[in-house]
Amino acid sequence: MPMSSFKRKIKAIQIKIASPDVIRSWSGGEVKKPETINYRTFKPERDGLFCERIFGPVKDYECACGKYKGKKYEGTVCERCGVRVESREARRKRMGHIELAAPAVHIWYLESIPSVLGTLLNMNVSDLENIIYYGSRRVIERAFIVTDPKDTPFAQGDIIYETEYRIYRKKWDFEVEQAFIVKNPRSPVLSDIDGEVILRTEKTVTGREITWIIVRNVNRAEHTVLPGMIITVKDGQEVEKGQDLTREMNVDPLYAPFDGHVEIDEISNTITVKPLTTSKDQPVVFTVPYGARVLVSNGQKVKKGDQLTTSTTLPAVKASISGRVKFGSNLNVRALEDGNFEVLSSGNVYIEQVIEERKYPVFEGALVYVNNGDQVKKGDHLADRFLFEEEYLSSTEYKIFESHYPTMFDVEERTENDRPIVVITDIDPEVSKETGLKMGDIITENEYEAYLQIYPEKIVADAGAQAIKKLLQNLDLEELRAELEAELKKLPASSSKAMKLRRRLKMVKDFIKSGNKPEWMVLEVVPVIPPDLRPMIQIEGGRFATTDLNELYRRLINRNNRLRKLLELGAPEIILRNEKRMLQEAVDALIHNGSDSEGKRSRRAVLKDRNGRPLKSLTDLLKGKKGRFRRNLLGKRVDYSGRAVIVVGPHLKIHQCGIPKKMAMELFKPFVLAKLLGEGSTSKTMRKVKKAIIEKEMPEAWEVLEEVIKGSVVLLNRAPTLHRMSIQAFEPKLVEGNAIQLHPVVCPPFNADFDGDQMAVHVPLSAAAQAEARFLMLSRYNIISPAHGKPISLPTQDIIIGSYYLTTVGKDFDSLKEEDIRWRFSSPEEAMLAYHLGYIKLHTPILIKVSIKGEEKRIKTTLGRVIFNSILPEDLRDYNRIFDKKQINALVYETFKRYGIDRAADLLDDVKDLGFHYATVSGLTLSLKDLKIPPERDEILKRTWEKVRIIEENYERGFLTEEQRKSEIIRLWMNVTEEITELTSKTLAEDPFNPIYMMVNSGARGNIDQVKQLAGIRGLMIKAYDPRSREIKSKIFKGQAIHEALTFDYPVDKNLREGVDILQFFISTYGARKGQVDTAMNTSFAGYLTRRLVDVAQSVTVTEPDCGTHEGIRAMDLIKDGTVVEKMNEFLFGRVLASDVLDPETKEVLKNPETGKEYTRNTMLTDDDANFLASYKKMVDVVKYDEIDITELSLPNMYAEIAEPVGEYKEGTELTWDVVKAARNEGKYRIKVKMYPVVGTVYANEQPLYDKKGERELLVYQEVINEVVAKLLEENGVEKVLVRPDIIVRSPLTCESEYGVCAACYGMDLSNHKIVNVGEAVGIVAAQSIGEPGTQLTMRTFHVGGVMGASDIVSGLTTVEKTFEPYAFLREEKSGGKKEIRKYYGSEAVLCEVDGFVKDIATDETGRTVIYIEDYAGGIHAYRIPKRAKVKVKKGQKVLRGDTLTTGAIVWWKLLELESEKGVLTAMNLLKIIKNAYVQQGVSIHDKHFEIIFRQMLSMALVIDPGDSDYLPDQLVPLVDIKRTNREILEGNARVEENRKWVIGKMLAKRVITETDDGELVELAQKGEEVTEELLKKFIEAGIKEIDVVEKDRVVTYQILPKEPIKYKRRLLSLKKAALNYPGWLSAAAFEETAWVLTAAAIEGKVDPLIGLKENVIVGQLIPAGTGLDVFAGIQVEETPRAAAEEKLA
């Protein structure tokens, strides 16, 4: 026989950051090409994204080229195509990889909040992004121009910016001037005057050239000078009018210098003496002086010494005007030694008198249009410009141009530039000391170049992902950890810097602990997921549709290949940078193609397809409803299922359902086939024949089908599956037609009706699954709801009306006397005969003999009642009762309690059959005439309108305000509506058989509110509103909050039978539409609430029978704002006692006199027990005097004090064993005592107990009386008090099980009224129990057409949300400079911190109300009340610790701080609020479900002082972990001495670092060093508390100094936060914020121990609950041979 057993294979799952080597190890090869498949052959391209060599063959067991085909070649690698022969399934598993040409940062670690990279490197995220994406920094700074480079590598005129200048200045000596940047120079340069041009050039201080264009307008005087004259002035010299230009001089005659002949040139006025041909002399030329006469003739011979000219006198030339001397261009002069000039030939000397002159400096590079000496007119162009735009001028140059061109150009002293930035990745320690720079500092590229010039090869900086990688590689985590810990010790714990450091320290510790290397956050290799997870499919028309991922991978590969090529070519840095940035963006898009709208800091553009749809990245594949977690891992499609419309199956038993034949054949096809084949041959031909038998629906097939489904069960499910009763098992019955038939009684749990609802059918396949479905899920065994322990599968509508009709009587029945009754019968059978013969009717009064509790009695009743009672268990029969909905429900519940689930199920079937039959017999119809309008109605309306008229008159006269007028009118109409409702009900009740009255009164359909609208009055209507508006003021009317601002003060005074007018119809539309809108808007919200609840509680299962705790919670009535939300009997039901319940008077264990049951610890309380305990009250003495015998070995079983002094103990001391010992020492054997029997009991009178004066409350309802209160009672002369026992019950809130809860603390499994089984998934049940009504309530519109006063579900849901998300509704608002916490509803409630009395309520000098509380000791505590809050207490009232003194919302963390560590007071307050919201909607949910959720919300604690644990202050840690850590610390402290001996001689596994008093890090020992006694002593002196040593090739940690335990505070988390802080990362990631949860878990190397249910569903194994528990794992299920054959075929 085949066996099957369910062993759980996976114990835990760890997540870590993948190293490049790990990614490569996953891979089947590198993807080098972006191609996917060949467009002609449709085969994958080699080395492409679908390559068969990398990812596996496309065809099963066939290589790409077809050389190897078939399974026999499995594992062979084809030498031709390189493809390994294997199953095509490999393409779902095998991965590839892309080797990146440049590293790229993993965006999750950059963009997470807080950023992991930013925290670890202590860098700003914006700076990090700038580095990674090769960004720049905007710098506004001055510039300088080098004027004297001295011995530096600068050139004169080089521009240096301020940042660089500061760097160079520290090391080099050179001169600079500040630079000015030219802006908007006007051009061209125009002459302002007429005149002559003079051009001059000169060099500036920066070595650049300036051309001076000088334009002069001059008066010029010409003076001729003659040869021989001596000019006494210099060119350019200033002279005065009349000043000599040449001096007067006598000119000697000229003589021949040698023999020869003369030549006279009259034109040039010269005499040339030429020597004789025989002579060696050269010819000599003489200029004839002005005024001399030539004495020789042309050609004349002369002798040496002959006179050639006469002597003469040259007169002086005088200046005719004042001005500047200018030598003419024709003037030929010779400079003399005395500085004068001799005129060699006639010429001109000019004197220029400047009338006007303009200078135009022009910078080098400008085009000059004029030449020297040119004459220009005013307005002529001199040059194209004088300066260039953006030209840098030194301050000297700037002054020149500023003085010559004022207002013709602007300058900027500072320049604004975007400078590329780099991060320092390595720096010489000396340079670091000198410059103050360190690794990780960001500088601009200019600064880096400056540092490089000064410190060549001593500083390295870079940008991009490679820079981040270097920084991460350079981190020494151990050293960083020691540094951070040392720095934290110096800072105040609450400072923001300390918080930042703590966050960083946690990350460092996480990296150390997990063994992850920080540089792995920068990718060198990108994994390529298997191709079958990113398929490409051919669509109509031959085109291909591909997954977005392929497009993202393609883009990445293209950019990667392009960058690699550019690197090989040695492309310029700027091109490479751009390409690297694009590669980084491609990797980003692949991992997370996110957008800013998702709350990310992303500066990236989102990649979109041609239709503008963002491409789905790997992150999108994981997160959200359609992500991998929620869609594929937590929700799976199920085979062997069908779906069809449901119809009612009145003939079915409760555990049966009707399945259409066709559907059943399809569902059970493999089983039918197996059965058919089991009878004959299994050959292929035979198989085809048998298949044809099924497909052609031959008679044999139906016979086999009938046989197959016998004994099987199927699961029926109706969406939405809100709780476990939405899936139940039924025995299938084959039916004709196409609809599934459903038993009408199981409609309520499914929330099904027959207006077109559909249901799904599932077939459990294995014998184990069938057994589980039958015994655990059969509808017969799921009648009782696990939410409240009462029946949920109940008769409705027709069945109710049938039963009601059967048991109702005429209105005269009760007044009818026995003697007046005509029909008398000796037995029910006789009566039935009379009925069938037509003598009597169902409702005819009869006298009949029936058996009641074994006795024959004659009773007055009707045949209908006899018929109905005949189906009931004998001791539950009641012949004088009308059985309406409530009565039938109570009957089913009582039957279940007394006789068990089977009898209850049978009763339901019987009631169903009876109900349907007699509903048909009743012939129920509905007509207008059945709507009876009360005759008094018109008179009442007339009277009311008159009153309204008087109110309006008073308003118009000014006697009433607008608010008062509205309030009065609303109150008036509310009263009238109520009065007419009562009258309508009475009018209908006159005829007990009125169809409408029967429907409403029986509870079958509708309610009196609807009848009131049909036949009475519609009443006031409500307006639409925002339920969270702060403006809503509500008033209480008959226990109901009425929002006056939201109510029309004009009523609809008509009813629907007579019809409404247009205005009234219009008014009605508001509320009617509001109902529809609320339903639509809030359904999703309620679903989200359920989802959060499930996520929080899913791991809570019953893990052990008893945790052994003695803690518990006090049983009480839950009272909120004076309204009883839950009575104590409901509170007690299903609980287990935490301690014995003692009789208040005798102090002995309480016993139920009826059942004899004793209420000791660990007793489970049933309904009857709860009722008994809740009603048990006694009058007990406050004080009793007695004399006790102290020779007995027991003390009184109540609080007692000595009534006489004993030794050193005074009168009034509590009686203890120490007092008894002292008395015995004195030789006493009896002591007088005063006993207080009331101490330890609970005050049970709902009216407070006052003091003698009647001013102060001494006791309030449900107060536990302690000795202080007892003495107060005694002082005030109170002798007896009505009390009840103090009952402490166990609760999930106080359970001490490490994981989940124990069976004793959970108590009763409400679905079967037995103690809960170990393994029960109580968390899921709790979440479903709370969430299901929330969803249901939104889907039913509770507003009856928007009529005022109907309960409003939205406000209920808001309350639920406020309770489960306590901090989401807190708003810190600044008002008047102060921070105030406000809510949607008012302000913060003031909490009382002591037990005491309200002494006084007064107003202080600022006008604020102050409440003074006097405690028991007489101390006064003052509470100032916020302006918006209203006082809830009154003078003399008793208040207890944790009570609210004012209106407003409770700030939960304040309440938590008021109480003990348990958080019970907080939970009970939350419970009151939330129960109230549900109770108002008529929904019953047991408290334990809320307690489980609150337990999870209170499961985290805030670390105040981490002691010597690895936690950080302000870190949220599971309470379980803290308690475990503290336990381990205390155990470790006990082993310190032993450990010190043990470590001697062992080798250190890590180096040991500590910090000195100066703040320097010191290495105490190196890795591998042996631990000696001296070294150990050194460790202890340095305060090292634990060391890691190597022991048998393992690293073991030993504690060598005592550690401090953790100090903490309990914290209340919201549902969302509790779900995200769940210890298992798989469940948290599947909930919300997937990327961040996975990021944080990977850094930590988090291990998910698979404790919860979700995690196990995700990994695909049985959940650790129910039959999935390890206890059941070894059970082997034997299956029948038939089932085995079916299994094989299936």
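Placed from the backbone N, Cα and C atoms, the Cβ positions cover glycine too.
Marked as Zn(2+) 1 binding site by Swiss-Prot on the basis of sequence analysis: CYS63, CYS65, CYS78, CYS81. Summarising the annotation, Swiss-Prot assigns Mg(2+) binding site to ASP753, ASP755, ASP757. Marked as Zn(2+) 2 binding site by Swiss-Prot on the basis of sequence analysis: CYS1107, CYS1295, CYS1302, CYS1305.
Structural mapping of features recorded in Swiss-Prot.
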| residue | record | contacts (Cβ under 8 Å, 6+ apart) |
| --- | --- | --- |
| CYS63 | Zn(2+) 1 binding site | GLU52, PRO57, LYS69, THR76, CYS78, ARG80, CYS81, VAL83, ARG84, VAL85 |
| CYS65 | Zn(2+) 1 binding site | CYS78, ARG80, CYS81, VAL83 |
| ASP753 | Mg(2+) binding site | CYS747 |
| ASP755 | Mg(2+) binding site | none |
| ASP757 | Mg(2+) binding site | VAL645, ILE646, ARG718 |
| CYS1107 | Zn(2+) 2 binding site | CYS1295, GLU1296, SER1297, VAL1301, CYS1302, ALA1304, CYS1305 |
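In this structure, the binding-site residues under consideration are CYS81, CYS1295, CYS1305, and the one with the smallest number of other Cβ atoms within 10 Å of its Cβ is CYS81. Taken residue by residue with DSSP, CYS1302 (Zn(2+) 2 binding site) is part of a strand. The record gives CYS63, CYS65, CYS78, CYS81 for Zn(2+) 1. Within 8 Å of the mean position of their Cβ atoms, the other Cβ atoms in that chain belong to GLU52, ALA64, GLY66, LYS67, TYR68, GLU79, ARG80, GLY82, VAL83. Counting every protein chain shown, the Cβ of CYS78 (Zn(2+) 1 binding site) has 20 other Cβ atoms within 10 Å. Other residues of the chain with a Cβ within 8 Å of the Cβ centroid of ASP753, ASP755, ASP757, the Mg(2+) site, are ILE646, ALA752, PHE754, GLY756. Listed in chain order, the residues near the Zn(2+) 2 site other than CYS1107, CYS1295, CYS1302, CYS1305 are GLU1104, ASP1106, THR1109, ARG1290, PRO1292, THR1294, GLU1296, SER1297, VAL1301, ALA1303, ALA1304, TYR1306, each with its Cβ within 8 Å of the site Cβ centroid. CYS1302 (Zn(2+) 2 binding site) has a Cβ environment of 22 other Cβ atoms inside 10 Å.
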